[in-house]
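> Pasting a structure below so you can have a look.
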């Protein structure tokens, strides 16, 4: 093992990277509430893993979506556990995100020079809520269907562009297969990619600027 490590160390300088990560200064005022962001990140990783596992069995069609979810819950080995963990961690992610935003706001972590860190965090908060809205519809049961119908109908109240936005979200005049396809694409590709990009930016800025000082 020593020779393998030496081979990688010679080429990648792993030890210097590890020393840089482990030697980062942590202000003395930091407490357990500063870990909430990390918990949110952990929930996101759980979501990615369990969600990816379910894509092997889920079928994003109005005719088969509900049956495929039932199949995951009753026939797939540990499918019920994977889906349950996905649901529980989704709720936990939203809760931790709210607590993290409150902690940052109350401790002044959004002030100069960390405005952009705050902006990326707000964008990720919007993505998190969007995960919930799009994921709620995927079983395509009565609750999911009517939730989509109500949510996609909200922009209709916007003057001039409202009807066009509704049609864009639904993929047509009414809620149907095009709507489910769009929500599935948003939930499994667009939102995870956007969240990962802004999360990387968020972490890099925190790494560069450090943790904000006490009020």
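Placement of Cβ uses the backbone N, Cα and C atoms for every residue, glycine included.
Below are the features listed in Swiss-Prot for this protein:
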| type | residues | note |
| --- | --- | --- |
| BINDING | 35 | heme c binding site |
| BINDING | 86, 187 | heme b 2 binding site |
| BINDING | 100, 202 | heme b 1 binding site |
| TRANSMEM | 32-52 | transmembrane segment |
| TRANSMEM | 90-110 | transmembrane segment |
| TRANSMEM | 116-136 | transmembrane segment |
| TRANSMEM | 186-206 | transmembrane segment |
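Map the listed features onto the structure and describe their local environment.
Long-range Cβ neighbours of residue 35 (heme c binding site) (same chain, at least 6 residues apart, Cβ-Cβ under 8 Å): none.
Cβ contacts within 10 Å of residue 187 (heme b 2 binding site), excluding its own Cβ and spanning all protein chains shown: 21.
All chains included, 21 other C-beta atoms sit within 10 angstroms of the C-beta of residue 202 (heme b 1 binding site).
Residues 33-34, 36-37, 39-40, 43-44, 47, 117-118, 121-122, 124-125, 128-129, 131-132, 135, 211-212, 214-215 of the same chain, all 6+ positions outside the transmembrane segment (90-110), place their C-beta atoms under 8 angstroms from a C-beta of that stretch.
Tertiary neighbourhood of the transmembrane segment (116-136): same-chain residues 47, 90, 93-94, 97, 100-101, 104, 109-110, 143-144, 147-148, 151, 183-184, 186-187, 191, 194-195, 198-199, 201-202, 205-206, 209, selected by CB-CB distance under 8 Å and a gap of 6+ residues from either end.
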> Would you mind ranking the binding-site residues 86, 100 by how many other Cβ atoms sit within 10 Å of each Cβ and giving me the lowest?
86
> Hey, how far is residue 187 (heme b 2 binding site) from residue 100 (heme b 1 binding site), Cα to Cα, in Å?
23
